[in-house]
């Protein structure tokens, strides 16, 4: 069996070799295996220094104070901690939360849990390009709104929300603003010293770091209070208890440091590859690019091939590892809720493929993907009676199908 070409970088990234080498130094008896909370001896001091350095590295990439970085097990936990933490701490101020229908499941399901606890959540529709209309957000704000949670970059369609304007609007109305930045760190410049953002979630494995590691930015000035969701030894200033995984933290810090040094050059290369991929598909019939192409990260191309089932196409192009939806929900055969929120019908949503490219993608891999996808789409359409009807000029949306 040949190993498929990896083009699913939004699902996860391989750990960078430089990151892995740093992590290994904090695992074995010959390295620095200490507990950073052991402040009475050398091993603990060394681990604590490593954790402090990593905290600084993460803060440097996003232009924040290292004291504002709270370690977590990943962006899912960070989103839970941010949203539940604010809701529970400030529930006497209000019980209304606003979010977007295209958010990651870890935001949407957290909001649904809060609804079961008596909170009210407004789920906003995006525009057809995936972006949020600020007027819609403004109209949804109320006296009892305590939190707005909007992701920076969408995991399926790669669009970049205007978090600067959203944050300003939130702060004008004394509302806390949380941003899920799992898909934007290392791809989009972030300066939290200039943005009106109160909480921001990060994931290491989306940026060539280890899985099971994340962070939450919690603004200190003006101070944001959150109620802990995990209790124990009072680690992370009482916000997230649990022994710190030094090797994981070091890995995340190194991944963020590499991103800070190489992001601009890497984005240029990845954008060129993404554009090459787009050019390879755009002249095909009945091809639709999902999401805004201007306000978008360089490595994402979500594209629908009409009259082809996405699942069938993925099986046909199994020499390329791609996705037809979020990694957390792609086991379902339901059409993507993100694409449905953009207004796509079931057929077009089902025919979508998400190509995401990254640090190790090559021009040869792009060309291979273009040739393979074009050939398989043509073959699958040749087998489709719907394609024949379309080619004969039949408006399939107006066909009344009889049940058998």
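Cβ atoms are placed via backbone N, Cα and C, with glycine included.
Within the same chain, residues at least 6 positions away in sequence whose Cβ sits under 8 Å from that of residue 76 (pyridoxal 5'-phosphate binding site) are 106, 214. Residues or ranges marked as pyridoxal 5'-phosphate binding site by Swiss-Prot on the basis of sequence analysis: 75, 76, 155, 183, 203, 204, 205, 243.
Positions annotated as N6-(pyridoxal phosphate)lysine by Swiss-Prot: 206. Under the three-state DSSP scheme, residue 206 (N6-(pyridoxal phosphate)lysine) falls in the coil class. Contacts of residue 206 (N6-(pyridoxal phosphate)lysine) defined by a Cβ separation under 8 A and a same-chain sequence distance of 6+ are given as 10, 12, 13, 75, 182, 183, 185, 186, in order along the sequence.
Annotation comment: Swiss-Prot describes 328 as [2Fe-2S] cluster binding site, evidence class sequence analysis.
Taken from Swiss-Prot, the feature active site, cysteine persulfide intermediate covers 328, and the record attributes it to sequence analysis.
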Exercise. Helix, strand or coil at residue 183 (pyridoxal 5'-phosphate binding site), per DSSP?
Worked result: coil
Problem set entry | Secondary structure of residue 243 (pyridoxal 5'-phosphate binding site) (DSSP, helix/strand/coil) | coil
Problem set entry | Which of 155, 203, 243, all binding-site residues, has a Cβ with the fewest other Cβ atoms inside 10 Å | 243
Exercise. For the pyridoxal 5'-phosphate binding residues given in the record (75, 76, 155, 183, 203, 204, 205, 243), what is the largest pairwise C-alpha separation in angstrom?
Worked result: 30
Problem set entry | All-chain count of other Cβ atoms within 10 Å of residue 183 (pyridoxal 5'-phosphate binding site) | 27
